[in-house]
Amino acid sequence: MSQTGIPLNRHIMEQQKDYPEATGDFTGLLTQIALAAKIISREVNKAGLVNILGFTGEKNVQGEAVKKLDIFANEKMIEALTYSGHVCIMGSEEDAEPIALPPEAPRGDYAVMFDPLDGSSNIEAAITIGTIFSIHRRISSGADGTLEDLLQPGHQQAAAGYVVYGSSTMLVYTTGNGVDGFTLDPSVGEFLLSHPNIRTPERGSTYSANEGNYQYWHPEMQCYMDHIHEKDPASKRPYASRYVGSLVADFHRTLLYGGVFLYPADSKDPKTPTGKLRLLYEASPLAMVIQEAGGKASTGTENILDVQPNKLHQRVPLVIGSRAEVELAEEFFQGNR
Ligand code: AHM
Ligand code: MG
């Protein structure tokens, strides 16, 4: 039973009690992710000070060269997981290849993927950014994890979630048993349960998309966008527009308030005809969260959780949010409107 205010660790342990076969690995894994999130949150909060204090290109107080925040976040995620004993392989949006464990690190049963700092183009402007993570049970049987452990469809995720570094820092996750949100209390350094059992409204009247791409969108997306711009008070159209340009921030708002976020396929860059967002680091984990909250995620024609990945950095069109809003967009994408 969820109790507002309890620390993340206790919440995870209480949830695990429902699974007598649970080994505690999972609790340890999420605890390590939360630890990395606290360290990243601390650095994000002082990002603007780096130049003022003259650290750039020099050494920080620990004598380490100061790094770009996205590289720093990537290193913290990898460090937190490498020696946890719960992981056999990792994948990061920042690394072209799967991240193997060093020989001395203990091996565990999980494959973890993450976007360490999503929305990184917003860092310099103190705009909300985030970390997204996806956890699979390994399916390979050797000592080390393999690419096969990472290339699993989203419906096989054991857990997924994200951290949003905004006006407060929040960690939201699901293990397939509802979605819970925790707010970091910086004074005690703990994530405390603030949003138990999050449910996404069935409908919403807010859309979130980079409309600057309108001329590059395919006709079905243009028709959908024209539709939600029409004046029809009965269906709350025209919808309101909100776009931060950090997926985590746009997603988090959509999860809580309802509506729809879209990053469709477009013809902008012939090298990325399937849109911009990554299946394994962005779309798939957020799809598990939204589905557990009663919403839906789609490519426009297929449930995101059913997409079989064929490469680590695969991109995918994404329509995600309130169930009825995603289904309305799907009708356009599938040519039924
Ligand atoms: P990033 O992983 O390099 O930060 O890029 C992903 C980001 C998402 O957070 C956001 O939804 C999208 O890119 C915004 O793209 P655009 O600037 O094309 O609107
Ligand atoms: Mg990203």
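Each Cβ is built from the backbone N, Cα and C atoms, and glycine gets one as well.
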Out of Glu230, Glu282, Glu292, Glu302, TrEMBL lists as part of the Mg(2+) 2 site with Asp115, Asp118 the residue Glu282
Listed by TrEMBL with Asp115, Leu117 as binding Mg(2+) 1, from among Glu79, Glu93, Glu94, Glu148, is Glu93
From candidates Asn210, Asn213, Asn310, TrEMBL puts in the same substrate site as Asp118, Gly119, Ser120, Ser121, Tyr243, Lys276 the residue Asn210
Secondary structure of the domain 'Fructose-1-6-bisphosphatase class 1 C-terminal' (201-332) by DSSP, residue by residue, totals 58 helix, 23 strand, 51 coil
Binding-site residues Asp115, Leu117, Asp118, Ser121, Asn210, Tyr243: those with Cβ under 6 Å from an atom of ligand 2 are Asp115, Asp118
What remains of the binding-site residues Leu117, Asp118, Asn210, Tyr243, Glu282 after requiring a CB under 6 angstroms from ligand 1 is Asp118, Asn210
Gly119 (substrate binding site) to Glu282 (Mg(2+) 2 binding site), Cα to Cα, whole Å, comes out at 11
Ser121 (substrate binding site) has its Cβ surrounded, within 10 angstroms, by a count of other Cβ atoms equal to 11
Asp118 (Mg(2+) 2 binding site), DSSP three-state class -> strand
Quick note, Asp115 (Mg(2+) 1 binding site) and Asn210 (substrate binding site): C-alpha atoms separated, nearest Å, by 20
